[in-house]
Amino acid sequence: MKMIQIILSVILVLYPYRAASLSTNYYANICPNLENLVRGAVQQQMAQSPITAPATLRLFFHDCFVNGCDASVLIINPNGDDEWRHPDDFTLKPDGFFTVLRAKAAVDADPRCTNKVSCADILALAARDSVVLSGGPSWPVELGRYDGKVSTRNSVVLPHPDYSLDKLYQMFSAFGLDQTDLVALSGGHTFGAASCAFINSRIYPTTDQTMNPQFANQLRGTCPAVLNPNNFVFLDATTFAAFDNAYYWNLQQGKGLLASDQILYNDPRTQGTVNLFASNQGAFFQAFTNAMIKLGRIGVKTTLDGEIRRDCRVPN
């Protein structure tokens, strides 16, 4: 616990908030068709793969929570020392990466935009569009980020599915995100899937007492005691492809897939917010958009410590 506090303190010193450098109309005179180009690419990728949207949203979260929103998670180092090869990033799906690369290609194909739009901004827009095109809310994406130049495995510090509420909140609050932001951003689990490896400890050898017994039996049908790395379950089996508030209904019924999901309902400090979002989808959508805007301000790079990558996968 103390080591996490030290690491987060260092991150905040190295990657401070620079929201003042961002603007929703940053590219108005640089790449005026940017948002249409990115959204078109997201639509094309979603048509090819049903997990594109949750994969892209998750990629944005994993990027911002490590070195700030600088697209460093996309970097591939020849020596293998990069973020996406850290065990916590192994579960990031290729579909999210493909979305950003497709959007980058579409943007750079416009002569007005070639090599003028950062991969970090493209990822931020693609994450928003993935939510919108799945039935979720829209929000004005602040732009003007520069891409990071460094990506290392040791820099990855992310929330784990078995974290307590205190531990989760400690990580979120270090980045200026409050308790409501924590509950709202967790609602991103309203679509997508998780490997059985993340839940088997909750259903074997006995059922986690915080889990609905019938739900546990259902999960055993998909996740055998002997792990198969190819087995997965939907984070929200009710409406797994739609961005809605069904995630919170599941928590009320003891059907939160991950322990870090279910704790949000079982702990009285966050139960009220879960109940609000379960009963009022509009309240969830508003809180989610507010949290996404705040998330997008973490660790923004400038010309002093960033660049606009010509290829999102490698520094210039």
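Numbering starts at 1 and runs along the chain as it is shown here.
Note that Cβ sites are derived from N, Cα and C of the backbone, with glycine treated the same way.
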Disulfide-linked residue for Cys113, taking TrEMBL as the record, within Cys31, Cys64, Cys69, Cys196: Cys31
Spatial neighbours of Cys69 (disulfide bond), counting only the recorded positions Cys31, Pro159, Cys223 and Cα distances within 10 Å: none
For Cys113 (disulfide bond), the one of Val66, Gly68, Cys119, Cys312 that lies nearest, given that the recorded positions are compared by Cα: Cys119
Cys64 (disulfide bond) versus Cys196 (disulfide bond) - Cα distance in angstrom: 25
Between Asp70 (Ca(2+) 1 binding site) and Cys119 (disulfide bond): CA-CA distance (Å): 8
Alpha-carbon distance [Glu83 (Ca(2+) 1 binding site); Cys312 (disulfide bond)] in Å: 14
Val66 (Ca(2+) 1 binding site): tally of other CB atoms within 10 A of its CB: 26
